[in-house]
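Encoded as structure tokens, the structure appears first; notes follow it.
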Amino acid sequence: MATSERFLPWSRATVFKHSPALARLLEHSFQPGSPETALNCPTLTATHAALLECAPCKICQLVYSLASDPACEVAFFEDYACLCFYALYAPLCWTSTFMAAADFLELVSRYFPGAVGEGGLYGPEGIMAVDLQLHFLIKRCFRPVAASELLDVCNLHFLKSEFLKGALTGSVSNLFCFKSIWGSMHAPAVKQQAGGGGCGCCGLSSSLSAAAPADKRRAGGGGGAAETRRPEFAEAVSRAFPQGGGRAQTGVKPELLSVFLDVWGESDLLSEANREMAAAAPARAAGALGRFEFTYPETADRCQGPCMLSQALQLKKSNRTASICVLCECIAGHAEGAEALRLLKRDILTFVENNVKIPDRISFIVRQRDSLVYVRDPLLRGVIRGCSEQEIHKHLFCDPLCALNSASACPDILFGEPGEEELRILKSSLAIGNHLAENIFLDCEVLHTLVIIFKSIQLCKVGKTTFLEIIKELNHQLKNHNLQTLHTFHTATIYC
């Protein structure tokens, strides 16, 4: 039975309310500590099984069974749709998966407490991190799809699953030929773009902003030096989440970045400076928001941390960068994160007129005592300054996933505090399928698929021809969507 308290995703209070269950999910999100235990590791077995394209989606199965209950309240549909809406505007990163886990557990325990069971909702015998990722962030099962487009979408999802399996196991099948499969796909968006045309799916009228021109929406993704005003939401959304100046009007939710630091403090992910900041968390939390307590399992690979909640499924490091981007976590975990990084990128580009290398520009700016003065929260400022020059370079100028996250995420939605009436109207609209078909800032299933494939081939072995074909196609798509990054071959060879 529902409580009188309203459901609002991305809330810090939800994390602490369900901390024991989330700790269980984290415990089963580690790589095994030794090769001898890998074959019988329940986490790896369950994750690999979920990535099979013939495997059912555990979230879809559970939601369908709950929704089929005659006693199911209308409010459940509204709140579930609200969570899906937040996931649509969240970056693809560790924090987003973690928050989806917290919010989904809150929904199930609120409306169907008997469905949780004594063993909990999360674990090898139930729902795993990969199930949450696939449903809410990678395949987005909640999105409306026309019958004529379903097979095309399934083909793209197959490619995502195949390369994610490669990231998990370390290699993609020798029988797999990307060029042959990609070239034979009959998806209209693939064929149109392969022929030199624009992005068909991003040119469609959005359910959120039917009047927004395609070129304006693509420019809203940014990535270049020039700033373009983002498209506007439909009325029901804009009333709940006024963009820009609306933050002061509606308020802002507490940050989640400190929870990320709490969980990752013992791993090898954080830089020395950020590790010290994580170690100082108890002093900060004494009179503030509280600390998320979590103990790493003894038999797990503690160096990699709970990496299975990340799309990378492992923690790999190269040239002072990692397969899990701390700056993407800043976007998902702090209301100021996206704007702070946008302003930092502007400062880097305009720092000097000479042909100074970007990593040098970054180091000069970060060294200045008054750098990032526009960031009000010292925690966020400290985390950004604690990142290496290479991490900042990778996030702002190189990595296609970071560029995609920066273009499509919406802090106004994730961290806004909508009024009661505005939220009620929005949820009613979401429950009948409105506003879930497309992210109005940047939404292309072809590009999304290629980015996931690219991040996977950074972590697993593929043939030389396959590698180069993926690089070529991804560069073409990034250019089509006005996402200006360094050539992805450059990124793939030096960074994670």
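Quick reminder: no glycine exception, Cβ is built from N, Cα and C everywhere.
Taken from Swiss-Prot, the feature Zn(2+) 1 binding site covers CYS57, CYS60, HIS135, CYS141, and the record attributes it to sequence analysis. Within 10 Å of the C-beta atom of CYS60 (Zn(2+) 1 binding site) sit 15 other C-beta atoms, taking all shown protein chains into account.
Its Cβ placed at the centre, CYS444 (Zn(2+) 3 binding site) has 25 other Cβ atoms within 10 Å. Look at Swiss-Prot and you will find CYS201, CYS202, CYS444, HIS481 tagged as Zn(2+) 3 binding site, backed by sequence analysis.
Look at Swiss-Prot and you will find CYS325, CYS328, HIS395, CYS402 tagged as Zn(2+) 2 binding site. Following the DSSP three-state reduction, the secondary structure of CYS328 (Zn(2+) 2 binding site) is helix. Counting every protein chain shown, 26 other Cβ atoms lie within 10 Å of the Cβ of CYS328 (Zn(2+) 2 binding site).
Annotation source Swiss-Prot lists region 'Zinc finger 1' at 57-141. When pLDDT values are averaged over the region 'Zinc finger 1' (57-141), the model yields 95.
Annotation source Swiss-Prot lists region 'Zinc finger 3' at 201-481.
What Swiss-Prot lists as region 'Zinc finger 2' is 325-402, and the listing cites sequence analysis.
Secondary structure from DSSP puts CYS60 (Zn(2+) 1 binding site) in a helix.
Of all the binding-site residues given, namely HIS135, HIS395, the one with the smallest number of surrounding CB atoms inside 10 A is HIS135.
Of all the Cβ atoms in the protein chains shown, 15 others lie within 10 Å of the Cβ of CYS57 (Zn(2+) 1 binding site).
The closest partner of CYS141 (Zn(2+) 1 binding site) among the binding-site residues, by CA position, is CYS444; the full candidate set was CYS328, HIS395, CYS444, HIS481. The 10 Å shell around the Cβ of HIS481 (Zn(2+) 3 binding site) contains 26 further Cβ atoms across the protein chains shown.
Taking a C-beta cut-off of under 8 angstroms and a sequence separation of 6 or more, CYS402 (Zn(2+) 2 binding site) has the following same-chain neighbours: CYS325, LEU327, CYS328, LYS394, HIS395, LEU396.
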